[in-house]
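Trainee: Can you keep this structure in mind? I'll have questions shortly.
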Number of protein chains: 2
Amino acid sequence: MPTQFTSQDKQFMQMALDLAVRGQFTTTPNPNVGCILVKNGEVIGQGYHHKAGEPHAEVMALRDAEQRGNDVQGATAYVTLEPCSHFGRTPPCALGLINAKVGKVIASMTDPNPQVAGCGLKMLSEAGIESAVGLLQEKAEAINKGFLKRMRTGLPFVRLKLAMSLDGRTAMASGESKWITGTEARADVQAERAKASAILSTSATVLADDPGLNIRWQQLPEKVRSVYPENSVRQPVRVILDRQHKVPFSAQIFQIPSPVWLVSNSARNEKFTKNLPHLTEILLPENMQNPLLSLMRELGQRQIDTLWVEAGATFAGALIEADLIDELILYIAPKLLGSDARGLCHLPHLTRLVDAPQWKLHSMTQIGQDVKLVYSREYKETE
Amino acid sequence: MPTQFTSQDKQFMQMALDLAVRGQFTTTPNPNVGCILVKNGEVIGQGYHHKAGEPHAEVMALRDAEQRGNDVQGATAYVTLEPCSHFGRTPPCALGLINAKVGKVIASMTDPNPQVAGCGLKMLSEAGIESAVGLLQEKAEAINKGFLKRMRTGLPFVRLKLAMSLDGRTAMASGESKWITGTEARADVQAERAKASAILSTSATVLADDPGLNIRWQQLPEKVRSVYPENSVRQPVRVILDRQHKVPFSAQIFQIPSPVWLVSNSARNEKFTKNLPHLTEILLPENMQNPLLSLMRELGQRQIDTLWVEAGATFAGALIEADLIDELILYIAPKLLGSDARGLCHLPHLTRLVDAPQWKLHSMTQIGQDVKLVYSREYKETE
């Protein structure tokens, strides 16, 4: 029989989830986790995981209770993810809860890694602590899409950003395209970048636009800046596909002191790399069957949870044809550019309507004068 | 000093507006109007205009009060449009209210025809009846966009329907396009057609798809069918632009016994027309500077309030370039068709981003798996 949760349980877990997402810009490659300690219906301690290498949510909550002079013995701990059971950079959280003599642990979901799922709960139960799992699990899944996908499949969660006119165009025939969408939509893109473990683009985009692909704190939306101070900004890794070594030494991406990973099949000469301390070369074997999938595997191994893609119609189309996109993020500007203008994504192998990739609407929002539509990939039963 | 309205006034006027829209499928070329009669804070009679040729809202409300055995003397009448002051197919409503000895009349807005605006209210005031105007005027404007535009400019309110994939495509390169959007979106199109005075299309569309362009009651959304019985369905006029007399005698549009207006520059031969009792030919002079504007003027003179356009990318583009579209209605299906697929609208004269027509988001709705975006034309200050 599944565990019955009370509405009070739900309330406390929702608080833990709200705490968890405070780490959304900084915990990668770790998940967002929140923890609430409750005794006699009162919150006596709370915490969340801030940043990889720093204490986990449970430890933060126990410390908070201690600082407030509260005795956690017999308390119920609400955690958004099963407490860890392994010794990593920090001792296992399950052990921390056992030592603190909490009375009960409720987790939203088990550990996503199938090989250790349930181990934390088992450790608790062996210590005589009651536990339950599954409270608000869907919400807990939603706040850690990247981490969960990587743990389950080895691949990052890939989000493709597309900005277009009402008629699906990205630029005039001449290439003129600056600022099709408005200031607010561009600020939203900054916020989306800030949540990503890495940003993926191509040498074609670097050569065409010379973007920095970094977080510019001043351009984040006010509501993000208010919770994410400038001095704690994490710059996502910039991953650039550059098979033919076209990215020049002078590119903007190298002017910003944060990691750039250049992906190709062969090493650059030392003259190029020796003065670029933030550069890492990722070399993939040549003539692979599915080079984009191999790239994703490589990025997964390098602990990239969520990948935010900003690129042109050709690369966008290639990722879609390779079926590697988990979410489409579409910004629609209130303009018409006409059929001579440039298209959104090239899908040269698509000729029949029945083969057109199908998506599922996830959310729609007005952002300034633009519309933001988020779609997730819809798999047909026949696929 | 502007009239102060109470929150009770607003409530009653909102009731009158809700009544008015019940006529939205049937009153054209007349406006939607509702009327509520209130005495001692109680509604003692109510009515709305059902259909051109039938009694106006005020008369319906007076009759309702009488049937309910209520004395309207001294009552307040809430009407969504200034009572008419002219003898048309029915006597002026202002006179009806005077004869009934109502105590006060509150109207949402004055008559849209600038030459008679205020005459109804003046007639009331000359009879010693207090009146006020301007209560919920924006809402009253919104329910009669077509009628109001025609009265003010002589032109219909033109709504362009576009259905596309996420990347702004209407069909595969091969032309394959059947049912890009889902059942619910197509039902919504039926409802939009049903509200229009006329549907405009082209011979190209007739030749390509052979559509009926009529209302199919069974395909209307359930919420429309429940308020709009099958036996009262009004078929909008089908207007087909057919400069070169390409529409064949066998076309679907002629199989449905309701008006078709064929627009060209020269009369068809009698052999074509004599067995088509529902056909009207509209002949426009050749070599006009702005033939599409002339067509709109002609349709305005023929009392078309709202025009619903369903056509291909070329005609859609021509209407947009001629700046004749008041509203874009965009249905977006959750598919990607790729850059080889067919575009949404041809704007061959547009080459600079700064010249791209600008729109303003009016509403966004999820309809089944599709998204419906409604935009109104945004005029820049420099235009």
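Here the Cβ of each residue, glycine as well, is placed from N, Cα and C on the backbone.
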Trainee: Given that TrEMBL assigns B:W179, B:T205, B:D209, B:G312, B:A313, B:T314, B:F315, B:A316, B:G317, B:A318 to the NADP(+) site, pick the one from B:A163, B:A191, B:A194 that the record assigns to that site as well.
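Mentor: As annotated by TrEMBL, B:W179, B:T205, B:D209, B:G312, B:A313, B:T314, B:F315, B:A316, B:G317, B:A318 share the NADP(+) site with B:A163, chosen from B:A163, B:A191, B:A194.
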Trainee: Out of B:E82, B:E298, B:E310, B:E321, which one does TrEMBL list together with B:S177, B:R193, B:L213, B:R216 for substrate?
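Mentor: Substrate site check in TrEMBL: besides B:S177, B:R193, B:L213, B:R216, the record includes B:E310 out of B:E82, B:E298, B:E310, B:E321.
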Trainee: How does the domain 'CMP/dCMP-type deaminase' (B:7-132) divide up by DSSP, counting helix, then strand, then coil residues?
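Mentor: Tallied per class, the domain 'CMP/dCMP-type deaminase' (B:7-132) gives 43 helix, 24 strand, 59 coil.
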Trainee: At a CB cut-off of under 8 A, do any of the binding-site residues B:C93, B:A163, B:T205, B:R216, B:T314, B:A318 come close to chain A? List them or say none.
Mentor: none
Trainee: Let me know the most crowded of the binding-site residues, choosing from B:C84, B:C93, B:L213, B:A316 and counting other Cβ atoms within 10 Å.
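Mentor: Result for the most crowded candidate: B:C93.
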Trainee: Residues other than B:H56, B:C84, B:C93 within 8 Å, Cβ to Cβ centroid, of the Zn(2+) site?
Mentor: B:V33, B:A57, B:E58, B:V59, B:P83, B:T90, B:P92, B:A94, B:G96, B:G120
Trainee: Tell me the Cα distance separating B:C84 (Zn(2+) binding site) from B:T205 (NADP(+) binding site), rounded to the nearest angstrom.
Mentor: 41
Trainee: Can you name the recorded positions among B:E58, B:C84, B:E310 whose CA is within 10 A of the CA of B:A316 (NADP(+) binding site)?
Mentor: B:E310
Trainee: Can you tell which of B:E58, B:E310 has the most other C-beta atoms within 10 Å, given these are the recorded positions?
Mentor: B:E58
